[in-house]
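Listed in Swiss-Prot:
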type	residues	note
TRANSMEM	15-35	transmembrane segment
TRANSMEM	39-59	transmembrane segment
BINDING	143, 147, 224	Zn(2+) binding site
ACT_SITE	144	active site
TRANSMEM	159-179	transmembrane segment
TRANSMEM	195-215	transmembrane segment
């Protein structure tokens, strides 16, 4: 059951990322067709903008993310239990020992960041160190090390870059429509097929960012499920993570979390969510616990 869940989550990730790439290409083609006379030109622009965004976002260092969340790097002597748990999980997961940070916040939570295992770091709040026992803390750190092991931060960066490209292209298309752009020859000659294509292009430009946001959140939720399953693979003890998630779900919102980093945490640090869950960064904790109980 455990390995089936891991394989299923990986397949879903491939599908979501493929959908992202298709959507970015579709919006680029729509922009090109509607306002430049060539769908291929729009696709080329989408590719170039996507590469630029990716390099910019990947260039954001671990230290910047930690600073945004008011996290302080620690040594083994400052928090020996946390340090040794992270060290053990990294060893079992066969990844380099990540840097360890602590956030001074009473709400229990944790996150991992870094573009690859060689430049990764984990952060835990003071609240999680105070409220969780060793078994529960092992479950949480196994979850975070799994994000590092699965290259989730890099994957989320790619998704963010693609979502940013889609938003950028959609804004460009909306501005072109606002200022009266478009293929005047198609509008004037009244060709029904060309008019329909133009309308579909405009519809794609308008709905593209919404679809991209939904896909980005779906990817984030899927990677949380995968990290949960991978954590159990490391600890062989789903109950530790189950108990930790229950405690985290009953806690107050964080005070020192950066909103742009919310998707990185093991649970939403602000506790709010959309009623449909389509725009949530994390799956409902009850569903995560249910999956863990059936492993």
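Including glycine, each Cβ sits where the backbone N, Cα and C put it.
Not measured: the values here are computed from a predicted model.
Among residues of the same chain six or more beyond the transmembrane segment (195-215), those with a C-beta under 8 A of the stretch's C-beta atoms are 16, 19-20, 23-24, 26-27, 29-31, 33-34, 159, 162-163, 166-167, 169-170, 173-174, 177, 182-183, 186-187, 278-279.
Counting only residues at least six positions away in the same chain, the Cβ atoms of 266, 282, 283, 288 sit under 8 Å from the Cβ of residue 224 (Zn(2+) binding site). Neighbour density for the residue listed as 'active site': within 10 A of its CB lie 28 other CB atoms from the protein chains shown.
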